[in-house]
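K.L.:
Under the heading active site, proton acceptor, TrEMBL lists His304. If you look up TrEMBL, you'll see 57-129 marked as domain 'O-methyltransferase dimerisation'. Taken from TrEMBL, the feature domain 'O-methyltransferase C-terminal' covers 219-376.
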Amino acid sequence: MATTTEELIAALDALDVASFADDSFKRKSVRAAADRLLARVENPFERIWRLMWQFPMATGTLQTVLNLGIFEGWNQARGGPKTLEELHEYANTSVEIDVLRRLLRLLGSFHILEEVTEDTYKPTPLSMALGDRGSHVPDALDAGTNSLIPSATNLPAYLAKTGYREPIDPNSNSYVDVLPEHQPFFTRLQSNPVFGNQFVSLMTGWSDLKASWVDYFPTGSLLEGADLTSAPLLVDVGGGSGLDLTRFLKAHPAVPTESLVLQDTPDVLELAKLDSKIKLMPHNFFEPQPIIGARTYFFHAVFHDWSDPEAAKILTLIKEAMKPGYSKLLITEMILPPTGASDYQTAMDVFMMTILSAKERTEKVFTQLLESTGFRVVKFWKDLKGIETVVEAELA
Ligand SMILES: C[S@@+](CC[C@H](N)C(=O)[O-])C[C@H]1O[C@@H](n2cnc3c(N)ncnc32)[C@H](O)[C@@H]1O
C-alpha cells in the first residue's frame, strides 16, 4: 500500500497495461477506477476546465492534424521518432511550422503523441491508428466533428426551444436543427456518400469493440426444427454491412445458399462485400416485411435508433410476417442497467436523443415495448463483455 504521494504516483505510473490487455473486463474496471480517481482528485473548477476548455481544444487539434495528413504520412513511414521538421514534411498542404509545433505540443501533453525531447515525438497506438483508415479510428474522429459535436453543443438551445419535451420524432431533434442540411440522420447519410461511408466504417469499428452474438447466444437453437425449404433461416433487418450474418455463417458454414438474408437501404447494401451464400435484399423496415415465415428476424443496434412510437411501427410490421409457434425475434442491443449505468452507456443514450430522437432501453422498458406490440420475451442473453444483450422474443 502506497504511503506517500510520491509512492502513490510511482505505483500508478508503474501500472502495467500489458498485464490485462487481453482481459477487457479487468481493463475496463481499471479504466473506470481511474475515472473515479480523477473525479475525486480534481476540484470543481479543474474538472469543468478539463471538460469544457481542454477537451474541445484536443478534438479540434486532432481533426486539424488528421486533415493535414500527418498521421497518415507517419503511419506509412511505419512510425518511429520524428522531429517537427520531419513531421512537417508529411503535411498534404502548406502549413506554417509554428502552427504545427503548437498542435503537436498539445497532442504530446494529451498523450496522443509521446514527447521525446523538444519538438521531437514518438507515435502512440492511437496516433498510429489515426493514420490508418482501416482502423476505423479516423472515421470516428471525422463523424464526431461532422455530426456529434455540433449536435451536442446545440442540445441546450434545442431542448429549451422545444420546452424540454423528449424528442420522439426522427425529423425533429438537435441534429436536424443544427446541421446545414436540416435532414434527419439516416436521410443525410443516404444523400451524402462521404457521411454514409463514414457511418458504415464507424459501425464496423464499433462492432469490433463488442462481443460477437454467436459467442453468447445458442445459434444452434435456430437450426433445430427449422424448415429451410419454404423460408430463410435468418433475416438480418437493418443489418448494415452484414457482419453478424458473416459471423453466423462462420459458425454454421453448411447452411444452404440464400438461407441468410441481409436487408438494409440500397446505399448501405452497395458497400457490403459478403459470401455469395448471403442474399442481399434492399428493404425499408417501415414497409411490410417481404419475407414471410422466416425462422428468425434479427435486429442489431436498430431499435436504439428509434423512439418507442417508431420502434412499435417496426415491430408491428415484423409481427405480421412471423409464423406463430415457429418464427423467432432476436434483438441485440446495449441494455441499460436500472442503476449504475456506465458513462459509455449514458452518453450513448443522450447521444441517441440528440441525433435521432431515440434512446437506449432497460430490460423493463424493452419488455414493455415488446409486450405492447404483441410479443413475449423468452430470455435476455447477456454477452460476456457486459456491453450487449440478445433479447429473444416470440409472438405472444
Ligand atoms: C446502427 S446501424 C446498425 C447496423 C448493423 N445492424 C450493426 O449492428 O452493425 C442501423 C442500420 O439501420 C439501417 N436503417 C436505417 N433506416 C432504415 C430503414 N428505414 N430501413 C432499413 N434499414 C434502415 C441503417 O442503414 C443502418 O445500417
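Positions of Cβ are set from backbone N, Cα and C atoms, glycine also.
TrEMBL annotations: computationally assigned, not manually curated.
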K.L.:
Taking the Cβ of the residue listed as 'active site, proton acceptor' as reference, which residues of that chain separated by at least 6 in sequence fall under 8 Å from it?
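P.N.:
Sequence-distant Cβ neighbours: Glu333, Met334, Met348, Met352, Ala358, Lys359, Glu360, Arg361.
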K.L.:
Which residue counts does DSSP yield for the domain 'O-methyltransferase dimerisation' (57-129) in the helix, strand and coil classes, in that order?
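P.N.:
With helix first, then strand, then coil, the domain 'O-methyltransferase dimerisation' (57-129) has 42 helix, 11 strand, 20 coil.
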K.L.:
Please report the three-state DSSP label of His304 (active site, proton acceptor).
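P.N.:
SS state of His304 (active site, proton acceptor) = helix.
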